[in-house]
């Protein structure tokens, strides 16, 4: 039986990061975590393209444009959604998730999910680098592994 598995080596890979500006204090921590992860795994800063968009709603369309670039091996989507008093959160969270999943399948390129969806500000803070780690770092780690796996499978 032949088994394929990605490696955690970012050397030679090129990454796109699409990050929302809304909730920028937390998003910036996630972006820093993602970049730190790539660099600590052998990647170079010049091999990272960062795109800023107004909010999480705009993430999928920007991810799609970036992922269509031949030189990009994987894209990391980063944003922070915090539930409010209206159903707006549910609509945005659902559409962003579905949009990113569909793009990854359509484009056959790794697109990882570093979008925090939290019920409270406290939960979001915990996932942006405190109690529950940094979801930007985790999304970058998945992007590294999946980009390497795709290279092996092709």
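Our numbering is plain: 1 for the first residue shown, then up by one each step along the chain.
Placement of Cβ uses the backbone N, Cα and C atoms for every residue, glycine included.
For reference, Swiss-Prot has these:
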ACT_SITE  88  active site, proton donor
BINDING   22, 56, 57, 58, 80, 81, 82, 113  5-amino-6-(D-ribitylamino)uracil binding site
BINDING   85, 86, 127  (2S)-2-hydroxy-3-oxobutyl phosphate binding site
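Sequence features annotated in Swiss-Prot and their locations in the structure.
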residue	record	Cβ within 10 Å
22	5-amino-6-(D-ribitylamino)uracil binding site	17
56	5-amino-6-(D-ribitylamino)uracil binding site	26
57	5-amino-6-(D-ribitylamino)uracil binding site	18
58	5-amino-6-(D-ribitylamino)uracil binding site	18
80	5-amino-6-(D-ribitylamino)uracil binding site	28
81	5-amino-6-(D-ribitylamino)uracil binding site	22
85	(2S)-2-hydroxy-3-oxobutyl phosphate binding site	6
88	active site, proton donor	12
113	5-amino-6-(D-ribitylamino)uracil binding site	21
127	(2S)-2-hydroxy-3-oxobutyl phosphate binding site	23
Spatially, which candidate from the recorded positions 86, 88, 127 is nearest to residue 80 (5-amino-6-(D-ribitylamino)uracil binding site), comparing Cα atoms? 127
What is the total of other Cβ atoms whose distance to the Cβ of residue 86 ((2S)-2-hydroxy-3-oxobutyl phosphate binding site) is within 10 Å? 8
May I ask for the distance between residue 88 (active site, proton donor) and residue 81 (5-amino-6-(D-ribitylamino)uracil binding site), taken between their Cα atoms and rounded to an integer number of Å? 10
All chains considered, the count of other Cβ atoms within 10 Å of the Cβ of residue 82 (5-amino-6-(D-ribitylamino)uracil binding site) is 18
Candidates 85, 86, 127 (binding-site residues); nearest Cα to residue 113 (5-amino-6-(D-ribitylamino)uracil binding site) turns out to be 127
Give me the CA-CA distance between residue 127 ((2S)-2-hydroxy-3-oxobutyl phosphate binding site) and residue 81 (5-amino-6-(D-ribitylamino)uracil binding site), in Å, as a whole number. 12
